[in-house]
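Engineer: Take a look at what TrEMBL says about it:
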- 14-448: domain 'Amine oxidase' (DOMAIN)
- Thr14, Glu33, Ala34, Val236: FAD binding site (BINDING)
- Phe341: substrate binding site (BINDING)
Amino acid sequence: MTTHDVIVVGAGVTGLTAAWRLAQAGKDVLVLEARDRVGGRLRTEAHGAPGAEADFEIGGQWVSPDQDALIGILDELRLPTYPRFREGESLYVDKAGAAHRFGEELPLGESTLAAIGQLTKTLDELAAAMDPARPWDLDDAAHLDSVSFRAWLERQCDDPVAVDNIALYIGPAMLTKPAHAFSALQAVQMAASAGSFSNLVDADVILDRRVVGGLQRVPLTLAERLGDRVRLGQDVTLVEWDEDGAVVHVGAEIHAARRLVLAVPPTLVRRIRFSPELPAEHRMAREHQSFGLVIKVQAQYETPFWRAEGLSGTGFAPWELVHEVYDNTPEGEQRGTLVGFVSDERADAIGRLPDEERRRQVLGSLATYFGDAALEPITYVESDWQHQELTGGAYGTSFDLGGLTRWGAALREPLGPIEFGSSDVAGHGFQHVDGGVRVGEEIARAILDGGLRPLGATRSAGGDLRAVALDAERREPVGQG
Ligand SMILES: Cc1cc2nc3c(=O)[nH]c(=O)nc-3n(C[C@H](O)[C@H](O)[C@H](O)COP(=O)(O)OP(=O)(O)OC[C@H]3O[C@@H](n4cnc5c(N)ncnc54)[C@H](O)[C@@H]3O)c2cc1C
C-alpha cells in the first residue's frame with residue numbers, strides 16, 4: 001500500500017491540471033491512469049504511407065480567444081500556437097445538395113437570415129443571463145429544461161431553414177446529439193459556456209488557433225513535470241472512503257490518500273464501485289448523463305487544392321452527412337488536410353457500415369463541398385472514441401431532458417474526501433479543454449483551501465481509513481473475482 005496527500009484518478013487535462021497545482025503547492029500526489037498513455041480525449045497519432053506519415057489530432061485541437069484558463073496554461077508551459085487557415089470564401093451546401101460560396105453572411109434568403117438573427121438575439125440574451133456553472137438558477141430554467149431544443153426553436157420561429165441551421169450549431173456541432181434529445185436549457189448552457197451563442201457559432205472565435213505539436217502537448221507536458229507521480233495502466237475499480245480519506249484499488253494494489261479526485265467523465269464514475277455506495281442522488285445524476293457521438297474525419301491530399309480556388313476550406317451543411325468542414329493543414333505542411341464531422345444519428349448510421357463503404361460515403365460528402373478532387377486523399381483517418389470504453393463517445397457528456405435542473409448540481413458536489421470533475425461538468429469551457437483546466441484548478445484550490453487532515457486522524461461512520469486500508473490488504477479486493 002502507498003499513502004499520499006491526494007490521489008487523482010484520470011490523467012486527462014482535468015486530472016493533470018489538478019495534480020500539477022497540488023504538486024506545485026508541495027502536496028504528495030499520485031495520478032492513476034487506466035490507459036497506457038496520458039491525455040484522455042487529447043491524442044495525436046501518426047498516419048500515412050510508411051516514410052511519409054503525418055500527425056493527426058484525433059481528439060480536441062482548437063483554442064479560442066476567450067478560453068483564458070487554457071491560454072494561461074499554454075503560456076505557462078511555453079506551448080506556442082498558430083491560427084487556423086481561413087483565407088478565402090466558405091461554402092454552404094443547401095438542402096438540395098448544391099454548394100454555394102459565401103463571405104460573411106450565409107447565402108440564405110433575407111427572411112431566413114432575419115429569422116436566424118432573431119433566434120441568435122434570443123439565445124444571446126438567455127446566455128447572458130445565465131451562469132453556465134449554475135444553469136438551474138436561470139429564470140424559467142424548469143420550463144426550458146422540460147422542452148427539447150428543437151421543439152423550443154420551432155415555437156420561436158416558423159422558418160424551418162432557420163430552425164435547422166440554429167439546431168445544427170448546438171445539436172450536431174456541439175452537444176453532438178440530435179436537437180430533439182436535449183433540453184433548451186442545456187442548449188443555452190452550451191452557449192453561455194462559450195461567452196455567448198454568437199461566440200459559439202463563430203468559427204473564427206471557437207476554432208481560432210491550434211497548438212504546435214497538437215493540443216495533446218498540454219497533458220504530455222504536465223505529465224512530464226509530474227514525473228513518476230503519474231502511473232499508467234492503473235484502472236481504478238473500487239474506492240473505499242469515509243470522512244477521513246479514501247482507499248483506491250487497482251487490481252490487487254491499494255493506495256490510500258486523504259483526498260481523492262475522480263477526474264473522469266461522469267459516465268465513467270459508474271464503472272467504479274464505491275464502499276460505502278454512492279448516495280442515490282450522486283448515482284442517478286450520472287445515470288442521466290450520456291456521451292454524444294461525433295466521428296471526426298480527416299482527409300489529407302497532395303496539396304490544399306481548395307486554396308487555389310479561393311476557398312478557405314470552411315463549409316457548413318445542416319443536411320449533409322459531413323455537416324461542417326475546415327482546413328486542418330498544420331502550419332508549415334505542404335500537403336493539405338480537411339477535417340469534417342459526422343454527428344449523432346448520421347454517425348450511428350455510418351458506424352454500422354463496413355469501413356470501405358463508410359469511407360466512400362464520407363469522401364462523397366466532402367466532394368459535395370469541394371468537387372471530385374476530394375474523393376482521392378492520400379491518407380484518410382477517422383477518430384474512434386465511441387469504441388473506447390475509457391471514453392465512450394465524443395465530444396462530451398450532457399443530460400437528457402429535465403436532467404440539468406433535477407441533478408445538475410450533484411455532479412460537482414464533493415462526497416466526503418472525494419472531488420468529482422472533468423470538462424463535462426465545467427461552467428465556462430463546458431465540454432472543452434478550457435473547462436477541464438478550470439475544473440482541475442478549482443478542485444486543487446478547494447483541496448488546498450480545505451486543508452488536509454492526517455490520514456485516519458478522526459473516526460466516522462465509515463471507520464478509520466487506515467484500518468480499512470490495512471484490512472483491504474489482507475483480503476481479496478471486491479470485483480477481482
Ligand atoms: C473528437 C473530439 C474533438 C474535440 N475537439 C475539441 C476542441 O477542438 N477543443 C476543445 O477545447 N475540446 C475539444 N474536445 C473536448 C476535449 O478533448 C475534452 O473536453 C477534454 O480533453 C476532456 O478532458 P478531461 O480530462 O476532463 O477528460 P478525459 O480526457 O476523458 O480524461 C479522463 C481520463 O480518465 C481515465 N480514466 C477513466 N476511468 C478511469 C479509471 N477507472 N481509472 C483510471 N483512469 C480512468 C481515462 O482513460 C482518461 O485518460 C474534443 C473531444 C473529442 C473527442
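For all residues, glycine too, the Cβ spot is worked out from N, Cα and C.
Mind mapping these onto the model and telling me what they sit next to?
Structural biologist: Under the DSSP three-state reduction, Ala34 (FAD binding site) is assigned to coil, being neither helix nor strand.
Spatially close to Phe341 (substrate binding site) yet at least six residues away along the chain are Pro172, Ala173, Val294, Ile295, Lys296, Val297, Val322, His323, Glu324, Val325, judged by Cβ distances under 8 angstroms.
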Engineer: In three-state terms from DSSP, label Phe341 (substrate binding site) for me.
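Structural biologist: For Phe341 (substrate binding site) - judged by DSSP and reduced to three states - the answer is strand.
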Engineer: Which residues in the same chain, at least 6 apart in sequence, have a Cβ under 8 Å from the Cβ of Glu33 (FAD binding site)?
Structural biologist: Gly10, Ala11, Gly15, Val230, Arg231, Leu232, Gly233, Gln234
Engineer: Neighbourhood of the FAD site (Thr14, Glu33, Ala34, Val236): other residues with Cβ within 8 Å of the Cβ centroid, in order?
Structural biologist: Val8, Val9, Gly10, Ala11, Gly12, Gly15, Val31, Leu32, Arg35, Gly40, Gln234, Asp235, Ala263, Val264, Leu390
Engineer: If the FAD binders are Thr14, Glu33, Ala34, Val236 per the record, what's the largest distance between their Cα atoms, in Å?
Structural biologist: 17
Engineer: Would you mind listing, in sequence order, the residues at least six apart from Thr14 (FAD binding site) in the same chain with a Cβ closer than 8 Å to its Cβ?
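Structural biologist: Correct list: Ala263, Gly421, Ser422, Ser423, Gly436, Val437, Val439, Gly440, Ile443.
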